[in-house]
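Asks: Have a look at this one.
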């Protein structure tokens, strides 16, 4: 037990490391979740048991009402070695994203008025543009690391557009699958134009993204983004299923989280690194940063479903419970309230299930444990990106990982 705890602590400590060949991990898994080689005969600690030990031993855990408050552990990345605060990643990223949504609308090339209105509905400049911001910052950080180049290539900026288009297409399709009526504080495409037309609008955005991607002319990059689209579909199928065993259930949840959210960020980061730097070590650093930030982003999103109001989120809260989906806070809460198992297996389908499950989550430490897990993913992301040569953009990516943990919508 002591040896395993020591290994886990070494795996999660937050400190810079030299550039080297990063260890490959299974998508969607952090080090304490991974299985060891077959030759390792030491007893395996079930994931939830290990997390229970960690949560009781960690001095940086928060109460439910304080989980978004910054702690020394969370904020050790806030300053550079020179003592200066990091640049605002969003302001820095927008230097390369001026005209982003206008450029996307040009890519759509639509003559039919109704289809044009549907396809452009979410490209109104009111989104967070989280993915394009990460992509352009990663592009510059990798370019500087490679040859101190200060300029970003047009092909790298195109990846930012493609990433936002793929993401938006999935929002349109997800809203159809979930029968959602609001997003970003306004009616969904399917609510206004109907499900059939919404599906076609999402398809059109995906096809336009594919054309823009093909113009880049790099087969490796095309393959990476094609993998994203496959992951998105497989992730949606995973979300439709459930597992009876609690450890399988959590692994299932993390795999779904990787495929539905983190794969796009990870592969987009890797794509711009490939376009700007020939070193495969840098490609892996970019991928691992994007993967870990992406998983953390979704974990916090799942937390906000229980802790934010609908006005803040721009969409209904407790939405996942209403759809029969058990996210991190629910799975952790189930450890304290085993009666939730039956609710999870029947996908909260009986009258009163959603309200009872929500109360169980808020009475448990499910929110804190999910937030703590998100912290660990962000720590891993920071350790990866610190392997690159120091730059304003690299530091902004570190700051961005903190903003993932402290966001409220």
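Glycine is treated like the rest: Cβ placed from N, Cα and C.
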Asks: 128, 131, 167 show up in Swiss-Prot as binding isopentenyl diphosphate; which entry in 105, 113, 150, 184 does that record put in the same site?
Replies: 184
Asks: Please list, in sequence order, every residue of the chain apart from 128, 131, 167, 184 whose Cβ lies within 8 Å of the Cβ centroid of the isopentenyl diphosphate site.
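Replies: The surrounding set, listed in chain order, is 127, 129, 130, 164, 168, 171.
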Asks: Using DSSP reduced to three states, classify residue 131 (isopentenyl diphosphate binding site) as helix, strand or coil.
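Replies: The residue in question, residue 131 (isopentenyl diphosphate binding site), is helix (DSSP, three-state).
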Asks: Tell me which residues of the chain lie with their Cβ under 8 angstroms from that of residue 128 (isopentenyl diphosphate binding site), as long as they are six or more apart in sequence?
Replies: none
Asks: A 10 Å Cβ contact count, applied to the binding-site residues 131, 184: which residue has the minimum?
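Replies: Looking at the binding-site residues 131, 184, the Cβ with the fewest others within 10 Å is that of 184.
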